[in-house]
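Novice: This is the structure I want to talk about, given as structure tokens.
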């Protein structure tokens, strides 16, 4: 599985997930009418939001967390 780990004006950076990590995730924190502090990566299980302003999307196909 290949997941996006960062995005910039120059494109995306990806990584091949290690064995046992079969999910891609994108986590972002909502603040002041815009999304900030976005995190991408691989996971074995879908992370849980730590507060009401945090949103997490998990998926199972290559680069699905773009």
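Yeah, the Cβs are placed from backbone N, Cα and C, and that goes for glycine too.
Sharing the features that Swiss-Prot gives for it:
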- 3-24: disulfide bond (DISULFID)
- 17-42: disulfide bond (DISULFID)
- 46-58: disulfide bond (DISULFID)
- 59-64: disulfide bond (DISULFID)
Novice: Within 10 Å of each Cβ, count the other Cβ atoms and name the one among the disulfide-bonded residues 24, 42, 59, 64 with the highest count.
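Specialist: Top count of Cβ atoms within 10 Å goes to 24.
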Novice: Using a Cβ cut-off under 8 Å and a sequence separation of 6 or more, which residues in the same chain sit near residue 58 (disulfide bond)?
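Specialist: Counting only residues 6 or more apart in sequence, the Cβ neighbours of residue 58 (disulfide bond) under 8 Å are 23, 24, 25, 43, 46, 47, 65.
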Novice: Using Cα coordinates, what distance in whole Å links residue 59 (disulfide bond) and residue 17 (disulfide bond)?
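Specialist: Approximately 13 Å lies between the Cα of residue 59 (disulfide bond) and that of residue 17 (disulfide bond).
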Novice: Using a 10 Å cut-off on CB atoms, tell me which of the disulfide-bonded residues 3, 17, 46 is the least crowded.
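Specialist: Comparing Cβ neighbours within 10 Å for the disulfide-bonded residues 3, 17, 46, 46 has the fewest.
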Novice: Please report how many Å separate the Cα atom of residue 42 (disulfide bond) from that of residue 64 (disulfide bond), as a whole number.
Specialist: 11
Novice: Could you round the CA separation between residue 3 (disulfide bond) and residue 17 (disulfide bond) to a whole angstrom and send it over?
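Specialist: Approximately 7 Å lies between the Cα of residue 3 (disulfide bond) and that of residue 17 (disulfide bond).
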